[in-house]
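Right, one structure below, let's go through it.
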Amino acid sequence: MGNQFKTLALLAALSGLLIAISYWVIGGSSGLMIGIGLAAVTNLLSWYQSDKIALAVYRAQAVSESQAPKLYRTVQRLSQRANIPMPGVYIVPGQTANAFATGRDPEHAAVAVTEGILNILPEDELEAVIAHELTHIINRDTLTQAVAATVAGAISFLAQMVSYSLWFGGIGGRDNERGGNPLGVLLTVVLAPIAATIIQLAISRTREFSADAGSARLTGNPRALARALQRLEATARQMPLNANPAFEPLLIINPISGQFLGNLFSSHPSTEARVQALLKLEKQLPTIA
């Protein structure tokens, strides 16, 4: 319950940040009402369309059992073991190696992996990665992450539009109420995306450890996920998956993890920390299974 409250508070903070941007940029009650409207639309859109948005961002393509038999049967088998509806199965084109899950609940969920991950992971490691993603679905992390990504993306987009407007003739200041202050606008453009990113980090980091543990319980093989994470990190650094940074928290591995600045501003814990946690969990597995 504590984690749920924290997550709801952080999501509310993201929406509040979106409203604040509109207030400072447009000014007064007009800016406030527009901001509230934007926050409402963005949250509703991400709630009902989160799976479609994330899949579109990564250009994921739905596949059938005949098209990707090993992947499809792995998702099917683990879904039955976890006692959840089987999610949609998608493949992201490209040789980078990564995976993610999305959807507002287990009945409206999808699991996506890249072509690269299918080429480099042996069967037990692929199973561990799929189990990790299914745990995100079971824990409803997919909804939280998608809402956070959509709102953070809207904040970054709005801040970018404001910066363009500053270059081409200025904005705001037409409302006779408070708002449209040039310094406030400038600070908003610079600080809002950073604040949105920090809030996203607070939402997503602990969820990766929980999903790793869920994978270990579901497969009974935490070492397989540890090996997969190490393999994925090495490959992702060489061939990062290019997409909107707001949606990077959805991925199982962050390409820049392992570096100090990468860890500081990463939506994921370091791969080293995750591997250590999994190896500790391996010793406890007979007790927790």
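Every residue, even glycine, has its Cβ placed from backbone N, Cα and C.
Here is what Swiss-Prot records for this protein:
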TRANSMEM  8-28  transmembrane segment
TRANSMEM  29-49  transmembrane segment
BINDING   HIS132, HIS136, GLU208  Zn(2+) binding site
ACT_SITE  GLU133  active site
TRANSMEM  151-171  transmembrane segment
TRANSMEM  183-203  transmembrane segment
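Neighbour counts were taken at the CB atom with a 10 A radius for the recorded positions GLU133, GLU208; the maximum falls on GLU133.
The distance from the Cα of GLU208 (Zn(2+) binding site) to the Cα of the residue listed as 'active site' comes to 10 Å.
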